[in-house]
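Notes to accompany the following structure.
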Amino acid sequence: EEMLWSCTFWIWGTSVILVEILGSSSGTPDTPLEENAWALLVAGSKGLKNYRHQADICHSYHVMIAEGIPAHRIIVMMYDDIVNHPENPTPGKLINKPNGTDVYAGVKIDYRGKDVNPKNFLNILKGNRTELKGIGSGRVIESDENTNIFVYFADHGGALTLNFPDASLYADDLQHTLDEMFYTTNRYNKVIMYIEACFSGSMFEGILEEYTRVFVMTAAARDESSYLAYCNLPQYHNICLGDAFSVSWLERMDKEGKGTFDQFFHQYQGLRIEVRESHVQIYGDFSIGPNAMTPNNKELISAPEYLTTSVSARDVELFHRQHKVSAARDMETKLAAQKDYDNLVEGRKIADELMEAIVTTAVAGAPHLRNALNGPILPANLSIFPCYKKLINHFQRHCFGHEHYYLLNHHHKLANICIMNIDTSSLLDAIPSLCAPYMVRVKTIVS
(Lines of atoms letter the chains of each structure in order from A and count residues from 1; the text may use other names and numbers.)
(Lines give C-alpha, C1' and ligand atoms only; values in the text may rest on other atoms or scores of the structure.)
Protein backbone atom coordinates (compact mmCIF):
# COMPACT_ATOMS: atom_id res chain seq x y z
CA GLU A 1 0.00 0.00 0.00
CA GLU A 2 1.37 3.41 -1.00
CA MET A 3 1.54 6.15 1.61
CA LEU A 4 1.20 9.88 0.83
CA TRP A 5 3.66 12.05 2.73
CA SER A 6 3.71 15.82 2.75
CA CYS A 7 5.49 18.54 4.64
CA THR A 8 5.76 22.31 4.54
CA PHE A 9 9.21 23.91 4.66
CA TRP A 10 10.11 27.54 5.08
CA ILE A 11 13.04 28.20 2.78
CA TRP A 12 14.47 31.69 3.36
CA GLY A 13 11.09 33.20 4.05
CA THR A 14 9.11 31.26 1.43
CA SER A 15 6.59 28.55 2.22
CA VAL A 16 7.09 25.47 0.05
CA ILE A 17 4.74 22.49 0.11
CA LEU A 18 6.43 19.20 -0.66
CA VAL A 19 4.42 16.10 -1.42
CA GLU A 20 6.17 12.79 -1.99
CA ILE A 21 5.18 9.16 -2.30
CA LEU A 22 7.13 6.95 0.06
CA GLY A 23 7.63 3.31 -0.66
CA SER A 24 5.22 1.40 1.54
CA SER A 25 3.11 1.83 4.62
CA SER A 26 5.93 0.37 6.68
CA GLY A 27 7.52 3.83 6.52
CA THR A 28 11.04 2.46 6.01
CA PRO A 29 12.90 5.00 3.85
CA ASP A 30 15.61 4.33 1.30
CA THR A 31 19.15 4.68 2.67
CA PRO A 32 21.39 5.71 -0.24
CA LEU A 33 24.63 5.94 1.74
CA GLU A 34 25.62 2.34 2.26
CA GLU A 35 28.48 0.03 1.27
CA ASN A 36 28.00 0.54 -2.48
CA ALA A 37 28.12 4.34 -2.15
CA TRP A 38 31.07 6.73 -2.46
CA ALA A 39 31.95 9.80 -0.38
CA LEU A 40 34.10 12.77 -1.42
CA LEU A 41 35.10 14.90 1.59
CA VAL A 42 36.82 18.24 0.95
CA ALA A 43 38.41 20.85 3.22
CA GLY A 44 39.09 23.69 0.82
CA SER A 45 41.23 25.96 3.01
CA LYS A 46 44.67 26.08 4.58
CA GLY A 47 46.21 27.78 7.61
CA LEU A 48 45.73 27.43 11.36
CA LYS A 49 42.94 30.01 11.45
CA ASN A 50 40.92 27.58 9.30
CA TYR A 51 41.41 24.69 11.77
CA ARG A 52 37.65 24.09 11.78
CA HIS A 53 37.39 23.02 8.13
CA GLN A 54 39.86 20.15 8.46
CA ALA A 55 38.31 19.15 11.79
CA ASP A 56 34.85 19.08 10.16
CA ILE A 57 36.11 16.93 7.30
CA CYS A 58 37.96 14.48 9.56
CA HIS A 59 34.85 14.15 11.71
CA SER A 60 32.76 13.46 8.61
CA TYR A 61 35.15 10.66 7.60
CA HIS A 62 34.24 8.74 10.75
CA VAL A 63 30.54 9.48 10.22
CA MET A 64 30.76 8.01 6.72
CA ILE A 65 32.48 4.89 8.08
CA ALA A 66 29.69 4.55 10.64
CA GLU A 67 27.17 5.05 7.85
CA GLY A 68 28.52 1.91 6.22
CA ILE A 69 30.64 3.37 3.43
CA PRO A 70 33.96 1.45 3.43
CA ALA A 71 37.26 3.35 3.61
CA HIS A 72 38.21 2.35 0.05
CA ARG A 73 35.14 4.25 -1.17
CA ILE A 74 35.91 7.46 0.75
CA ILE A 75 38.15 10.08 -0.87
CA VAL A 76 39.56 12.94 1.22
CA MET A 77 41.01 16.22 -0.05
CA MET A 78 42.68 18.24 2.72
CA TYR A 79 45.69 20.57 2.81
CA ASP A 80 46.86 18.77 5.99
CA ASP A 81 48.89 21.65 7.41
CA ILE A 82 47.19 21.91 10.81
CA VAL A 83 47.77 18.77 12.85
CA ASN A 84 51.55 19.31 13.11
CA HIS A 85 51.44 23.10 13.07
CA PRO A 86 53.61 24.52 15.91
CA GLU A 87 50.66 26.59 17.16
CA ASN A 88 48.05 23.84 16.94
CA PRO A 89 46.15 24.07 20.25
CA THR A 90 45.73 20.28 20.14
CA PRO A 91 49.25 19.12 19.09
CA GLY A 92 49.20 16.09 16.84
CA LYS A 93 45.41 15.96 16.94
CA LEU A 94 42.29 17.61 15.56
CA ILE A 95 39.11 17.87 17.58
CA ASN A 96 35.70 19.13 16.44
CA LYS A 97 34.29 20.11 19.82
CA PRO A 98 35.64 20.96 23.29
CA ASN A 99 37.21 17.92 24.96
CA GLY A 100 36.36 15.94 21.84
CA THR A 101 38.11 12.85 20.54
CA ASP A 102 40.89 13.05 17.97
CA VAL A 103 39.02 13.05 14.66
CA TYR A 104 42.27 13.12 12.64
CA ALA A 105 43.25 9.64 13.82
CA GLY A 106 42.54 6.98 11.23
CA VAL A 107 41.66 9.36 8.40
CA LYS A 108 43.19 8.39 5.05
CA ILE A 109 44.00 11.54 3.07
CA ASP A 110 44.21 11.16 -0.70
CA TYR A 111 45.07 14.67 -1.87
CA ARG A 112 47.16 17.17 0.13
CA GLY A 113 48.61 20.64 -0.32
CA LYS A 114 48.54 22.02 -3.87
CA ASP A 115 46.64 18.93 -5.02
CA VAL A 116 43.55 20.33 -3.27
CA ASN A 117 42.16 22.34 -6.18
CA PRO A 118 38.97 22.64 -8.27
CA LYS A 119 40.35 20.80 -11.30
CA ASN A 120 41.26 17.72 -9.28
CA PHE A 121 37.96 17.88 -7.39
CA LEU A 122 35.93 17.76 -10.61
CA ASN A 123 38.10 15.01 -12.10
CA ILE A 124 37.67 12.90 -8.95
CA LEU A 125 33.92 13.40 -9.14
CA LYS A 126 33.81 12.45 -12.83
CA GLY A 127 36.03 9.42 -12.31
CA ASN A 128 38.72 10.78 -14.63
CA ARG A 129 41.64 8.64 -13.51
CA THR A 130 43.88 9.67 -16.43
CA GLU A 131 43.94 13.32 -15.33
CA LEU A 132 44.98 12.30 -11.80
CA LYS A 133 47.82 9.96 -12.71
CA GLY A 134 50.80 10.79 -10.49
CA ILE A 135 48.75 13.15 -8.30
CA GLY A 136 48.10 12.19 -4.67
CA SER A 137 46.66 8.70 -4.36
CA GLY A 138 45.26 8.99 -7.87
CA ARG A 139 41.96 7.62 -6.61
CA VAL A 140 38.68 8.71 -8.20
CA ILE A 141 35.03 7.89 -7.69
CA GLU A 142 34.47 4.68 -9.64
CA SER A 143 30.76 5.03 -10.20
CA ASP A 144 28.05 3.93 -12.62
CA GLU A 145 24.32 4.50 -13.02
CA ASN A 146 23.61 2.55 -9.81
CA THR A 147 26.05 4.44 -7.56
CA ASN A 148 25.06 6.92 -4.86
CA ILE A 149 27.57 9.67 -4.08
CA PHE A 150 27.89 11.89 -1.00
CA VAL A 151 29.90 15.12 -1.31
CA TYR A 152 30.74 17.24 1.73
CA PHE A 153 32.66 20.49 1.29
CA ALA A 154 33.83 22.85 4.05
CA ASP A 155 35.58 26.15 3.34
CA HIS A 156 35.04 29.80 2.43
CA GLY A 157 32.64 30.79 -0.30
CA GLY A 158 31.69 33.82 -2.33
CA ALA A 159 28.98 34.71 -4.80
CA LEU A 160 28.58 31.68 -7.09
CA THR A 161 31.92 30.23 -5.94
CA LEU A 162 33.48 27.83 -3.45
CA ASN A 163 37.05 28.52 -2.42
CA PHE A 164 39.98 26.15 -2.63
CA PRO A 165 43.41 27.18 -1.24
CA ASP A 166 44.63 28.80 -4.46
CA ALA A 167 41.62 28.93 -6.80
CA SER A 168 37.83 28.96 -6.85
CA LEU A 169 35.24 26.47 -8.03
CA TYR A 170 32.51 28.25 -9.99
CA ALA A 171 28.89 27.13 -9.90
CA ASP A 172 28.72 26.67 -13.67
CA ASP A 173 31.71 24.30 -13.70
CA LEU A 174 30.13 22.20 -10.96
CA GLN A 175 26.79 22.18 -12.77
CA HIS A 176 28.35 21.23 -16.12
CA THR A 177 30.14 18.35 -14.38
CA LEU A 178 26.91 17.10 -12.79
CA ASP A 179 25.13 17.43 -16.14
CA GLU A 180 27.86 15.42 -17.86
CA MET A 181 27.64 12.72 -15.19
CA PHE A 182 23.83 12.55 -15.46
CA TYR A 183 23.09 13.02 -19.15
CA THR A 184 26.24 11.76 -20.90
CA THR A 185 28.25 9.26 -18.86
CA ASN A 186 25.57 7.89 -16.46
CA ARG A 187 27.92 8.15 -13.48
CA TYR A 188 25.43 8.17 -10.60
CA ASN A 189 22.05 7.15 -9.27
CA LYS A 190 21.76 9.84 -6.59
CA VAL A 191 24.08 12.62 -5.40
CA ILE A 192 23.72 14.16 -1.93
CA MET A 193 25.81 17.28 -1.24
CA TYR A 194 26.32 19.14 2.05
CA ILE A 195 28.06 22.50 1.60
CA GLU A 196 29.58 24.50 4.48
CA ALA A 197 30.49 27.96 3.15
CA CYS A 198 29.36 31.57 3.12
CA PHE A 199 26.92 32.37 0.30
CA SER A 200 26.74 28.63 -0.40
CA GLY A 201 23.13 28.87 -1.56
CA SER A 202 24.28 30.96 -4.52
CA MET A 203 26.03 27.89 -5.96
CA PHE A 204 22.66 26.23 -6.58
CA GLU A 205 19.75 28.68 -6.48
CA GLY A 206 18.45 29.09 -10.03
CA ILE A 207 21.29 26.91 -11.33
CA LEU A 208 20.84 23.34 -10.09
CA GLU A 209 18.18 21.47 -12.03
CA GLU A 210 15.35 19.99 -9.98
CA TYR A 211 14.99 16.56 -11.55
CA THR A 212 18.50 15.20 -11.96
CA ARG A 213 18.62 13.24 -8.70
CA VAL A 214 20.94 15.73 -6.95
CA PHE A 215 19.93 16.89 -3.46
CA VAL A 216 21.87 19.70 -1.77
CA MET A 217 21.85 21.17 1.73
CA THR A 218 23.79 24.38 2.34
CA ALA A 219 24.89 26.15 5.51
CA ALA A 220 23.68 29.53 4.30
CA ALA A 221 21.41 31.22 1.79
CA ARG A 222 22.75 32.81 -1.37
CA ASP A 223 23.33 36.19 0.30
CA GLU A 224 24.59 35.48 3.81
CA SER A 225 27.57 34.37 5.84
CA SER A 226 27.86 31.01 7.51
CA TYR A 227 28.92 30.85 11.16
CA LEU A 228 31.59 29.17 13.24
CA ALA A 229 31.26 27.03 16.35
CA TYR A 230 33.17 26.49 19.58
CA CYS A 231 35.24 29.67 19.28
CA ASN A 232 35.45 31.50 22.59
CA LEU A 233 37.59 28.90 24.35
CA PRO A 234 40.91 30.12 25.84
CA GLN A 235 42.21 26.57 26.36
CA TYR A 236 42.22 26.23 22.55
CA HIS A 237 43.73 29.69 21.97
CA ASN A 238 40.29 30.83 20.78
CA ILE A 239 40.72 28.81 17.58
CA CYS A 240 37.26 27.89 16.31
CA LEU A 241 36.93 24.11 16.41
CA GLY A 242 34.03 23.73 13.99
CA ASP A 243 31.36 25.36 11.86
CA ALA A 244 27.80 25.79 13.10
CA PHE A 245 26.05 23.87 10.31
CA SER A 246 28.70 21.16 10.19
CA VAL A 247 28.92 20.37 13.88
CA SER A 248 25.12 20.34 14.02
CA TRP A 249 24.72 17.62 11.40
CA LEU A 250 27.83 15.69 12.44
CA GLU A 251 26.95 15.63 16.14
CA ARG A 252 23.42 14.70 15.18
CA MET A 253 24.83 11.65 13.42
CA ASP A 254 26.96 10.81 16.46
CA LYS A 255 23.93 10.45 18.70
CA GLU A 256 22.82 7.01 19.81
CA GLY A 257 20.21 5.23 17.80
CA LYS A 258 22.15 3.08 15.36
CA GLY A 259 19.71 1.41 13.03
CA THR A 260 17.16 4.23 13.17
CA PHE A 261 16.57 6.59 10.25
CA ASP A 262 17.06 10.31 9.82
CA GLN A 263 15.40 11.45 6.60
CA PHE A 264 17.13 14.31 4.81
CA PHE A 265 13.99 16.44 5.05
CA HIS A 266 13.72 15.64 8.76
CA GLN A 267 17.38 16.46 9.26
CA TYR A 268 16.90 19.75 7.42
CA GLN A 269 13.99 20.66 9.69
CA GLY A 270 16.17 20.08 12.74
CA LEU A 271 19.24 21.88 11.40
CA ARG A 272 17.39 24.99 10.32
CA ILE A 273 16.23 25.37 13.94
CA GLU A 274 19.60 24.60 15.53
CA VAL A 275 21.60 26.85 13.19
CA ARG A 276 20.18 30.22 14.15
CA GLU A 277 22.47 32.81 12.59
CA SER A 278 22.25 31.64 8.97
CA HIS A 279 19.45 29.99 7.04
CA VAL A 280 20.14 26.36 6.17
CA GLN A 281 18.81 25.72 2.65
CA ILE A 282 17.89 22.77 0.44
CA TYR A 283 18.04 22.63 -3.36
CA GLY A 284 17.69 20.24 -6.24
CA ASP A 285 15.70 17.03 -6.51
CA PHE A 286 13.36 16.91 -3.52
CA SER A 287 12.33 13.34 -4.31
CA ILE A 288 15.53 12.38 -2.43
CA GLY A 289 14.40 14.24 0.69
CA PRO A 290 12.49 11.29 2.20
CA ASN A 291 15.63 9.14 1.91
CA ALA A 292 17.63 8.76 5.11
CA MET A 293 20.95 8.41 6.83
CA THR A 294 20.92 5.50 9.24
CA PRO A 295 22.99 5.58 12.47
CA ASN A 296 21.08 8.39 14.08
CA ASN A 297 18.47 9.33 16.64
CA LYS A 298 15.33 10.66 14.98
CA GLU A 299 14.54 13.03 17.84
CA LEU A 300 15.66 16.64 17.48
CA ILE A 301 18.60 17.42 19.71
CA SER A 302 18.71 20.52 21.89
CA ALA A 303 20.63 23.54 20.64
CA PRO A 304 24.35 23.18 21.49
CA GLU A 305 26.28 25.76 23.47
CA TYR A 306 28.13 27.23 20.49
CA LEU A 307 25.04 29.20 19.46
CA THR A 308 25.78 31.79 22.16
CA THR A 309 29.41 32.29 21.15
CA SER A 310 29.45 31.69 17.39
CA VAL A 311 31.40 33.95 15.06
CA SER A 312 30.57 35.00 11.50
CA ALA A 313 32.97 33.40 9.03
CA ARG A 314 33.65 36.84 7.57
CA ASP A 315 34.85 38.10 10.98
CA VAL A 316 36.98 35.16 12.09
CA GLU A 317 40.32 36.76 11.17
CA LEU A 318 39.45 39.86 13.22
CA PHE A 319 38.42 37.56 16.06
CA HIS A 320 41.76 35.71 16.00
CA ARG A 321 43.90 38.84 15.79
CA GLN A 322 41.95 40.50 18.58
CA HIS A 323 42.54 37.43 20.72
CA LYS A 324 46.30 37.65 20.09
CA VAL A 325 46.25 41.23 21.37
CA SER A 326 44.45 40.29 24.57
CA ALA A 327 46.56 37.15 25.09
CA ALA A 328 49.93 38.91 24.71
CA ARG A 329 52.10 38.55 27.83
CA ASP A 330 54.53 41.39 27.22
CA MET A 331 54.33 44.86 25.74
CA GLU A 332 56.44 44.09 22.65
CA THR A 333 54.22 41.17 21.69
CA LYS A 334 51.10 43.17 22.44
CA LEU A 335 52.18 46.10 20.27
CA ALA A 336 53.06 43.78 17.38
CA ALA A 337 49.70 42.02 17.68
CA GLN A 338 47.89 45.34 17.83
CA LYS A 339 49.70 46.48 14.68
CA ASP A 340 48.63 43.31 12.88
CA TYR A 341 45.05 43.90 13.96
CA ASP A 342 45.10 47.56 12.92
CA ASN A 343 46.63 46.69 9.53
CA LEU A 344 43.81 44.23 8.89
CA VAL A 345 41.12 46.73 9.86
CA GLU A 346 42.75 49.34 7.62
CA GLY A 347 43.13 46.82 4.79
CA ARG A 348 39.43 45.99 4.96
CA LYS A 349 38.58 49.69 4.91
CA ILE A 350 40.73 50.17 1.80
CA ALA A 351 39.06 47.18 0.13
CA ASP A 352 35.63 48.62 0.90
CA GLU A 353 36.65 51.98 -0.58
CA LEU A 354 38.01 50.33 -3.72
CA MET A 355 34.81 48.38 -4.26
CA GLU A 356 32.80 51.58 -3.95
CA ALA A 357 35.02 53.13 -6.62
CA ILE A 358 34.45 50.10 -8.87
CA VAL A 359 30.69 50.33 -8.37
CA THR A 360 30.78 54.05 -9.18
CA THR A 361 32.66 53.32 -12.40
CA ALA A 362 30.31 50.47 -13.34
CA VAL A 363 27.16 52.62 -12.99
CA ALA A 364 28.66 55.84 -14.36
CA GLY A 365 26.05 55.96 -17.12
CA ALA A 366 23.19 54.76 -14.93
CA PRO A 367 23.66 55.89 -11.30
CA HIS A 368 20.12 54.80 -10.42
CA LEU A 369 21.40 51.20 -10.55
CA ARG A 370 23.82 51.71 -7.66
CA ASN A 371 21.53 50.45 -4.88
CA ALA A 372 20.59 47.28 -6.72
CA LEU A 373 24.21 46.59 -7.62
CA ASN A 374 25.34 47.10 -4.02
CA GLY A 375 22.51 44.95 -2.68
CA PRO A 376 22.44 41.17 -2.14
CA ILE A 377 23.29 38.99 -5.10
CA LEU A 378 20.42 38.90 -7.55
CA PRO A 379 19.01 35.63 -8.92
CA ALA A 380 21.57 34.23 -11.35
CA ASN A 381 21.68 31.69 -14.15
CA LEU A 382 24.38 29.96 -16.17
CA SER A 383 24.47 32.65 -18.86
CA ILE A 384 26.26 35.20 -16.65
CA PHE A 385 29.43 33.19 -16.02
CA PRO A 386 31.57 34.26 -19.01
CA CYS A 387 31.09 37.87 -17.90
CA TYR A 388 31.52 37.09 -14.20
CA LYS A 389 34.67 35.00 -14.59
CA LYS A 390 36.25 37.66 -16.78
CA LEU A 391 35.54 40.33 -14.15
CA ILE A 392 36.81 38.21 -11.25
CA ASN A 393 39.99 37.17 -13.07
CA HIS A 394 40.74 40.77 -14.08
CA PHE A 395 40.06 42.02 -10.56
CA GLN A 396 42.27 39.37 -8.96
CA ARG A 397 45.08 40.02 -11.44
CA HIS A 398 45.18 43.79 -10.93
CA CYS A 399 43.67 44.30 -7.47
CA PHE A 400 43.12 41.86 -4.61
CA GLY A 401 44.20 38.30 -5.45
CA HIS A 402 42.64 35.03 -4.36
CA GLU A 403 44.46 35.07 -1.00
CA HIS A 404 42.59 38.21 0.11
CA TYR A 405 39.44 36.30 0.95
CA TYR A 406 37.74 39.22 2.72
CA LEU A 407 36.95 40.36 -0.82
CA LEU A 408 34.62 37.37 -1.19
CA ASN A 409 32.15 39.55 0.72
CA HIS A 410 32.18 41.97 -2.24
CA HIS A 411 32.14 39.56 -5.17
CA HIS A 412 28.34 39.66 -5.32
CA LYS A 413 28.68 43.21 -6.66
CA LEU A 414 30.73 41.94 -9.59
CA ALA A 415 28.16 39.20 -10.11
CA ASN A 416 25.34 41.75 -10.06
CA ILE A 417 27.08 43.78 -12.76
CA CYS A 418 26.79 40.74 -15.02
CA ILE A 419 23.31 39.74 -13.87
CA MET A 420 22.06 43.29 -14.55
CA ASN A 421 23.70 43.15 -17.98
CA ILE A 422 25.74 46.30 -17.36
CA ASP A 423 28.38 46.85 -20.05
CA THR A 424 31.79 45.91 -18.60
CA SER A 425 34.16 47.10 -21.32
CA SER A 426 34.87 50.50 -19.71
CA LEU A 427 35.17 48.92 -16.27
CA LEU A 428 37.67 46.31 -17.46
CA ASP A 429 39.77 49.05 -19.04
CA ALA A 430 39.63 51.14 -15.85
CA ILE A 431 40.37 48.46 -13.26
CA PRO A 432 44.21 48.46 -13.45
CA SER A 433 44.56 52.21 -12.90
CA LEU A 434 41.61 52.26 -10.52
CA CYS A 435 43.15 49.64 -8.24
CA ALA A 436 46.77 50.82 -8.22
CA PRO A 437 46.50 53.68 -5.68
CA TYR A 438 44.51 51.51 -3.28
CA MET A 439 46.81 48.50 -3.46
CA VAL A 440 49.94 50.46 -2.49
CA ARG A 441 48.22 51.31 0.81
CA VAL A 442 47.56 47.69 1.80
CA LYS A 443 50.01 46.31 4.39
CA THR A 444 48.64 42.81 4.99
CA ILE A 445 46.66 39.99 3.45
CA VAL A 446 43.08 41.23 3.71
CA SER A 447 41.35 38.18 5.13
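In case you wondered, yes, glycine gets a Cβ from its N, Cα and C as well.
Whatever TrEMBL says is automated annotation, not expert-curated.
What TrEMBL lists as active site is His156. Residues or ranges marked as active site, nucleophile in TrEMBL: Cys198. The domain 'Legumain prodomain' annotation in TrEMBL covers 383-435. Residues annotated as signal peptide in TrEMBL: 1-27.
Here the domain 'Legumain prodomain' (383-435) returns a mean pLDDT of 97 for the predicted model. Residue density at Cys198 (active site, nucleophile): 27 other Cβ atoms are found within 10 A of its Cβ, drawing on all protein chains shown.
Sequence-distant contacts (6 or more apart, same chain, Cβ under 8 Å) of the residue listed as 'active site' comprise Gly44, Ser45, Leu162, Asn163, Ala197, Cys198, Ala313, Tyr405, Leu408. According to its DSSP assignment, the residue listed as 'active site, nucleophile' is coil.
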